[in-house]
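J.: Feature table excerpt (TrEMBL):
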ACT_SITE  Glu261  active site, proton donor/acceptor
BINDING   His260, His264, Glu290  Zn(2+) binding site
Amino acid sequence: MSDPLTTLRERLAEVADVARAAGVLVWDQRVTMPPRGTEARAEVLATLGRIAHERFTDPEVGRLLERLRPLEESLPYDCDDASLIRVTRRDWEKACRVPTDLRVEMTRAAARGHQAWVEARRESDFGSFLPYLRTNVELKRRYVECFEPADSAYTPLLDDYEPGMTTAEVRAVFATLRPALTELVRSAPQVDASFLHGSFDPERQRAFAGRVLATMGFEEGAWRLDPTAHPFCTSFSNRDVRLTTRYRPHDLESIWSTMHEAGHGLYAHGIADSLMRTPLGGAPSLALNESQSRTWENLVGRSRPFWTHWYGPLQEMFPEQLGGVDLDAFVRAINRAEPGLIRVDADETTYSLHVILRFELEQDLIDGTVALEDLPEVWNARMREFLGVEVPSDADGVLQDVHWSGGAIGYFPTYALGNVISLQIWAKVREALPDLDARMAAGELHGLSAWLRDNLYALGRKLTPKEALERVTGSGTIDPEPYLRYLREKIDSLR
């Protein structure tokens, strides 16, 4: 007879395998599946979701965890086995609160909602998407009811992405960010960025992105990059990382979009082999994960040292558009602060304002303060309030993000939290790698990715988000000040 730990590992591996199979189908739906396959795909995903949920919430898993409690208490807190037992227990207790039928409904609705969103966004028609959004919001309200009352009905949704964090804690961080960012945007100088808009061959963009990715620390043969409607990253093991991006012929935003998703991919790629096929095989939270996508997109990808190496190759790709633009002008342009319509295209200074807007709207949707049919009007009014811009269409407004189509309510705050955390971690990177600027200017990024892998990525979910942040930075508190200081210095450098 197998010992209880081996039995638990075998069960968890089965659950992980089913979840990964579903993940492959979700990736396929968003990258290659023909649109008329949506209904059949929704049923397949619902079936796989049912199997995974039932296998994981089986009372036998609870009995195994109880039998393993003495072993857990006898082992070092952060060793693989103790962490596996502890994290599995936390996940199991939360999952058991959710009826299987509700989990299946949520999975089915997410699959249906995605294709409806793609078509609605293409036609800029919120009305056609509204029934799918209504279903997702109603299901999320039922999901919230599965848990003990918290400081807010939003907290159980936030906890899915940021375990242990409350809505009140996010509000406190955002209460510091919003006025400071608003003032920075107001005081930012105008910078000429006209040369970033023109005619940029998507195939050349793809080739350039591939060259950059090859230097970032991925093992050859462990990743791939594909086009999609809304960029994302997923993985099915630490050696099967799927990056996606989008190429637009009128700008170069694909560079930073691709580096953003590669940051997620490097996190997945760096998780220790011993944690695969277990609940530990991911990041502790999405804010920590987003801190790395934003690190690679912005702290690396918008830095002068990085472009000291890469601007020449980019000019060679686009000589007519950039041949007469010097490095200083290019770096200034890609670091400007300028309010805009689209979150994924936003500069570092305005980006978190887009996120705070969505955070507030999501709370209103869950508690019913905002009627769903009024959402476009409310969205447009808040865009005027937060960023001073007029929204010309649903496609450039309420339909611009994919998240709500899949029921991912509670996800958005992690982007801004990730921005904040990225600077806390970056300070430690700078201490550990004092010659980082020189390395980046020489095109060498492997040292950076190796340090992040060894000090953060490899840990997987062995620690809570606060514990992981404290392990890397010395403090588990999310502190906006380093981020705001960085942005102030950036704005000052543009004057």
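One is the number of the first residue shown, and numbering goes on along the chain from there.
Placement of Cβ uses the backbone N, Cα and C atoms for every residue, glycine included.
Remember, it's a predicted structure, so these values are computed and weren't measured experimentally.
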J.: Cα-Cα separation of the residue listed as 'active site, proton donor/acceptor' and Glu290 (Zn(2+) binding site), in Å?
T.: 9
J.: Inside 8 A of the center formed by the CB atoms of His260, His264, Glu290, which other residues of the chain have their CB, for the recorded Zn(2+) site?
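T.: Close Cβ neighbours, site residues excluded: Cys233, Glu261, Gly263, Asn289, Gln292, Ser293, Arg294, Trp296, Glu297, Gly418.
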J.: Indicate the candidate from Glu261, Glu290 with the smallest number of other Cβ atoms within 10 Å of its Cβ, considering only these recorded positions.
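T.: Selected from the recorded positions Glu261, Glu290 on minimum Cβ neighbours within 10 Å: Glu261.
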J.: Hey, what's the Cβ neighbour count for His260 (Zn(2+) binding site) at 10 Å?
T.: 25
